[in-house]
Amino acid sequence: MAGEPQAFGLGSQLGEKYSPTYEDHFQAGQTTLREGEFDRAEKHFASALKLVHHQFNNPRTVTALHALGSVYHARVKDALSSLTNTSDIERKKATSIEHHLATSELVASAKQDESTHVCLEDEEKETKDFKFQELSLADMEQVGTWAVNAVALYNSAIVRSKQEEEMKEIRTSIRNLEMLFLQCLVGRQKEVHSTSRVLDSKTELQWIREECQEKLDDLDVIPYDTEHELDRAEAIRSIYRKVAADISGLIQSMVEASTQDLGEPPCKFAIIGLGSLAREETTPYSDFEFAILLEEGGDSKENRQYFRNLTRLLHLKVLDIGETILPAVAISSLNDFYLDDPEGDWFYDIGPRGFAFDGAMPGASKTPLGRPEVPGKPALELIRTPKNMASLQTSANAEKYGFHVDDVLRTVAYVAGDRKLVEEYESLVQQILLTRNPSAHHKPSLEISSNKEESARLESQSFEPELRTLGLKRALTFLEEILQSYRTTLKEDEDGKLFQVKKEIYRLPSMVVNGLGLFYALEAKTAWDIIEEMADKGLLTKGASQNLKVAVSIATELRLRTYLSNNSQSDDITPMKWIDHQVKDVTGTEETSSRVVRELTNVLPTNVVVRFFQIMLPLEKTMSGLVQKPEGEDKGPTADSTTRPSLSEDCLLDTSSRTKSLILLRLSQYQEVISSLEEEIQQVEMACQVKDPDMTRHLGACHYNLGNAYRGMGELHKAKEHYQQALVLWRQDVHSKGVMEYIAHALHALGHIYHVFNNFDQAVQAYGEALKLRKHLYGKDGSDNHPFISDTLHGMALICRDTGDYQEALNLENQALRAAQEMYGQHRAHSDTATFLSGLGSIRREMANFNEARKCFQEALRMLKSVLGENVAHPKIATALTALANVNGQSQGFGLDCLSKYFQALQIYHVLHGTEGKTHETAMTLHNIGNCLDDLGHLQDAEKHHRDSLDMFLHLYGSADNLGVADAYSDLGGTLLQEGKSEDALEMMEKALQMRQAVFQGREVPEIVSSIANLGCAHWRLGNIDKATQYTEEAIAMATSVHRASELHPSIIVLMQTLGVVYMDRKEFLAARDLFEKVLEMEQTLYSEPHPLVALTLCNLGVVHTELLDHRTALHYLQRAEKISEDVFGEDTPHPQVALILNNMGITYKEMGDISKAREYLTRSLDMRLAIYGEDTPHPDIGATLCNLGNLMSTLGEMTTAATYFEKALKMFRGSYGNKNHPSIAGALDNLGIVFVTKGDYHESLKYHREALEMKQQLYGDRPNASIAQTLHNLANTYKSMGEHKTALGLYQQSLDIYEDVHGEGTPHPKVAQGLVGVGNQYVNLGKHREGLQLLQKALKMSEEFYGVNTLHPDVASCLNNVAFAHGKLKEFDSAIQCYLRALEVWRKLYGNEHPNVAMTLNNLGSQYFSAGDATRAMTHYEEAIKIYQLSPCNPQAHLALFNFARLCLQQGNKVKALENYIKGIDALHLLPGEVSLRPQLVTDLNSAAQILLDCKSYKEAAEYWEKALAAYSQMKSAPNVDVGMIQFNLARCYSELGDVDEECSLHEQALQTRLQQHGENSTDVGLSLLHIAKALQKAGKYEIALTHLQQAADIFKVLAKTSPDSKMFLAAVYKDDLSLETKSLLEKFPGLRPTLKQAATTVKMLEFWRNAKDLNAAALLVWTDLALPRRTLSKPELKLFAHFLADIGTAEQFHSYIRFMETSYNDVISNGVTFRCLATFGELCVCLADSSALMCQQLVTAGMVAVLCEWLENFQEQYALDKSRSTLVTYAIHTIHNCCKVPDVRAVLKDQNIIHLLAPYLKVEAMSTRLVVLLATSYLSDDDETPQVDTDTMDYIIDILGKALQEDSRSFEGYSALELVMGIGTLCGNAANRAAFLERSAAALVEKLMEGGDEEEATIATSTICRLLAD
């Protein structure tokens, strides 16, 4: 069968520290919050949040934020509770904590994603109940901070929540907290309408944004050109002016609302806007920066506290808009900006960011509350008088407070309050800025002109030098810092990088113009106004003014458009093209970007951005000249020269080609760069005929940038040409300044290109020179921390990686990475850091350290997406995706995740180069996709992508020999080979080999080794084993030569593994084993850590040892392989290699006979392969495991399940290979043919085998092929099963002929021996026993020659079995037995004495001895076989030995042993999942086994096997000799015992119909079926139908009675007229009892029938359900009626008759479970009925039941203490006799029967309760002088029980009534000693209680007993 062990030839951590989970932290937070430990609660909730905060909409994130808010809410309430009445403090605190615990308990464990309703009514009531007193100022500040934090956290939870109810509840908490806080501030209850005001503010803000967008849309009518650019600038200016006014208006309304809430301000004040609001550059998303001015003298503590409170209220309103990120609030447990430990600042908020207070970071904090004290800087509050606020402009205060507080407060705007205060403040600021500097120098005059004429005109004008002022000094410092912080960089490696608009575009022009305003002491505040004022004063020419206005306009427009398009204060924008928000591909996966970045060209045209930089680059240069240090001066910027800087006419516009190309490169506009630079080069070369160093350098720069552009487009050949030209040009002028830097750049770029082209020597040389130059140029103080040095180290590391020098590669890459992290920050996202991480990952991947590699790639991808944008089409992201897919594929298998990443990379290249674009990277990505589809089994799609890749490589490199083309040929060949296109596959692989040989010109290199190895693998797959061996050995020899410096190279190891697999196919297992062991030794030397190659070698060793039948060693190797693979790939990580190992372990366990383990491991392998490739994805590996599972199921006899597996495998193979011919498809067809012949469906079997044969003949043609021979053999097996022995013989002969052609006629080979066995066995079947025996003996001899005469092998043992079978047919029992014994010896030596094959042969021997008449030896061998099968009970042959043994035991009359082995056989069958319906011979055994189980009361098991028997019977073509009606009847009895009435009825009906067909109407079986149906219907409450069936049964029995005196008739019980008067009287009182009595009567009447029918089970069940159970629910009077009624209808007589029947019918009534149950039920009923009815007591005596009970007392005396069953019956007898003795009339009769003598031995039993009853009964039957004396213990027991009984309402305890105890005391008083003892124990008092409180009967008995107690 197909599906063999799979060999592979190609290509723990201990003591982990426990980390608390989210649930751990959250539950701890709940506990500590409940206990009022707020700090600990906050810590725990913050820790929980830290684990999930990166998941924005995760319900647990929402819940943690909500809980944190509740902690601050609770703090507020706790603080305020101290102000309430002291008597309420604890109650308020507890209520507060409990409420906030409730609001945070939204996550218990399992339902954390569901909102939990939180009731807040108590909180609202509590808020109103507070009695506020005045807080201290410090407390007020603390409470204010807590309130802000709580509201911030609550709002942060709201923006993440998706649950409406949850959001509603949180908003309620916000409203209640704000109300509470406000009431605290005003000191009284006050209603807050914050919700409606928040909604108004949100609406107004949204209106501002919409109006702003409309105005921007209106700008579309103004073109982006020089003619209209000033119009656009003016329009932008008006939009910003309107936005600033609208935002100020919004803030004014919020301030007014807050003052209304807070009360009238205590003094005059003004709100002043700062930052962009002051400069009229604010957007509808900008932070609100402001301060508060107080009138002079109004800055008292109380007044400042009012405005602090006002700020808090205003902050709460802004927070409620929902656009504040949490770090801006500076909650210390999330973002502690004042802690040295960076771990304290961990919460990164990706929530909505828009209109909000300025952040609370130390460098921000531009709000009235300012910031706290920081190291070296005092606290700062911006609530001041104009004078105090203006004082911050002084140099001393500016230095003291730091953080540019002077610049922040220099420009302000009026927002609300008293405008005069603002004017006063601005005047004071101007005075300070115009203050003379003590070291005053003359200030220079700075002009910016657009042409030489205007410059000359301006220069002619005289400017009186003014004294240097503080403002001038500050302007120079400010400009220097701005230029350092926001310098424009257009680095070569930053093309395509994200623009941060605010930082990289907007900041510089805005701040420079602002600085110029300060420099010139201008009055204007906005950038536009400053430019105009400069122009008006002649400081700017018209052209320069236009350029500067345009730059400011472009920057501000871009910023505004970006914010609006992102609907957030998010300003990232990409110059690259962007990918659709949702990425879909053929994998069906969909990935959603969490951070969409806008495309720059969708916001502003490229030419506008170019214009901006053409202005800004020269502006930066001009400004740098202004602030640069004079020669020899060390400190500070200066402007000492009174000479105006000399500026060119184009000082604010640089339109040169070089500058434009740099800008376009940064924008990734490669085609425009190419066009521009090629034109520039042509013009320069034409213009410069004479060698000009400047032009040479310029020309070199043009070529270099042109190379960058071509590289960006993927055209590496052209890129290399231009890099080389640049290098040549620059080397002509090596002595010029800066040229060495250019040379290093060119060398580095060439190193990369050479590396891509696999020119490693040239790459190493270029990188080496570049590194030397760069270290010389940039290395400082022994440090190599410079981006250019790191880049080159990275390039060299990758070369070391590709040449196998991994340690050096790691060293170099780590150097680069460390430098980058030191330069840019340890965790800060940077493209360089990402590049080096990716490089490190690629090295670790080559070293098989996949987990670390994956971490590196993931972090690199994260950084790149952060730097470049998540949805941006950038080649670096494509490369990172490819790298991550590669490592995931190697470590986890090339699944859908890998394919998705490859397609994302392809999409990026399509976006960059167009879907028709042909680049090296695109071709490689198609190549990767093809390989991934190969692994996924999508071979047709894989072929298409490989062909596309090949076509693209051919387009790129033409007819030239190229390694990329060769790789494409090679991989296409591999796919074609898997598809079964062997000829085309070989052609492709041979082309690949020829091309690689041409490229390397005959040199021995790894690429040629790979080609030769691939050809070897191809021939191996095609079955050309000799060629496979030849090619593989050649590849090994060449690889050894190539890597002669390292004999342990991985490529050699892989090839040796392949050769080992080839050896296994040649059946040269010892050679394969030796080779694998050598490989393992090499790998263990090469790899110090777990490595996948080591695992594969161990796996192959496991397979080869399985073939060598050394299964334990095989399993050892496979287990080691599994452990290493888990270490490498991760435990429970699905990976193809792990799945392969599991598959092979399953097969090994199967060969060992451990079927359970085999199934487990094969199932695990299948599950893993499905997880890797997908449930619905066809893949050959899945098909292989399905085949192996099918084989296992076939072994178990589960043919239907096996067929299902094989059909699924066939579907998998066809899905993978199409409907084309393929060996795997043919193998699956063969497997199905084998299954169907086993199922007896010969037609289907023939169909599958013929289809497999036809496919193989088309695959292999007319060439003799062993696979064809195997299918012919399978066909022959089918015909043999059909009885067409002659046809089968012909096919066996054809198979044998082919095997002899393939392996050589007469050549010993297992397959030839198989053919001989087939032909030989068929001769035996045709009656030619002697001819068959000769062929079988020849096969045996051949097997012994092949494996060695003395070599033990399963094939030899199998042949011996066949020979023995032939001898048996010839009645040559001695020869047969000798062959079986030899086979037995082989099996034992191979597998030991406990293998299933040993048991099988023992069973055969037992059968042979049995046939020979030697029952003793037969039994010995059966028993030995059974012992072995017991070790592996799942073995499908186990039950056969057990049943054989059972039949032998039955034959010998040993029923006990037969029963034992039948049960064991049943258990063995039960363990088998196989279908017994396919085994006709088992139907009889199942029936017999079920009958035995029924007798053993194993009803459920019996039912199961009878059902199996019926199912098997229904499918049998020739029915076994079984009574189906009896099976149905017995099955119904089982369900009766199991309580399933419906099923019982159904089966009895089926039995009735079957018996009617079998026996006709008037038969005992039909009558019995009718009676059982009636009984079942009666239980179901269907009395009328039951009576009908009973009548039918009665009619049948009337007929039968004439011929059979044993047949009895009965009718259902009805009420009789002769009921006793007392019974009739009671019946009138309890008419509701009639149905119960009717059912009881019916049962009593049926007892006679069941006795006659010998159905004790039914009798026991009916007596229990209809007599015993009802009495338990009846009251005392009802029970009396029930007992009377049963006495009247003769129940005691029926009991007596039934017991006597059982005694005569059964040898041991007690040991039989059914009879004992009847006895016990009768005994229990006698006790109860005798206790309730004197009439029943009389009936028990007259019917003889008391006599039966006395027999129990006498017969069971000796076994009483030893036998529980007999003890139970004796107890019932004693209690019944005791109850009867209480009836005076009965007592007299019992005295005459000498029962006292029978009771006497039981007076000494240990059980006190039994001893007491015996004592009482004895006392009743004794005369006074014979009354026994009571011992002390019993006396005390009586008194104790009586006392407790009297305390109960029922006046009974532990089954004893007070009445009978008192009666007993009275009788026992006949003994004087007893009377005295009772009196001593105050018995009289207890009896008097009953006399006083009992009923009439009890009082009478008590009175009598008192008299006897007190008698003399």
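Just so you know, glycine gets a Cβ as well, placed from its N, Cα and C.
Source: prediction; values computed, not measured.
The annotation domain 'Protein-PII uridylyltransferase N-terminal' is assigned in TrEMBL to 237-321. Taken from TrEMBL, the feature region 'Disordered' covers 441-460, 626-651. Here TrEMBL flags 700-733, 744-777, 834-867, 966-999, 1053-1086, 1139-1172, 1226-1259, 1269-1302, 1313-1346, 1399-1432 as repeat 'TPR'.
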By DSSP assignment, list the helix, strand and coil residue numbers for the repeat 'TPR' (744-777), in that order.
31 helix, 0 strand, 3 coil
Give the residue counts of the repeat 'TPR' (834-867) per reduced DSSP state, in the order helix, strand, coil.
31 helix, 0 strand, 3 coil
Mind checking which residues of the chain, 6+ beyond the ends of the repeat 'TPR' (700-733), have their Cβ under 8 Å from one of its Cβ atoms?
492, 495-496, 657-658, 661-662, 665, 668, 670-671, 673-674, 677-678, 680-681, 684, 693, 739, 742-743, 745-747, 749-750, 753-754, 756-757, 875, 909, 912-913, 917, 919-922
Within the repeat 'TPR' (744-777), what mean pLDDT does the predicted structure show?
87
With a Cβ cut-off under 8 Å, give me the same-chain residues at least six positions beyond the ends of the repeat 'TPR' (1269-1302) that come close to it.
1226, 1230, 1233-1234, 1237, 1240, 1242, 1245-1246, 1249-1250, 1252-1253, 1256, 1309, 1311-1312, 1314-1316, 1318-1319, 1322-1323, 1325-1326
By DSSP, what is the split of the repeat 'TPR' (1313-1346) into helix, strand and coil residues?
31 helix, 0 strand, 3 coil
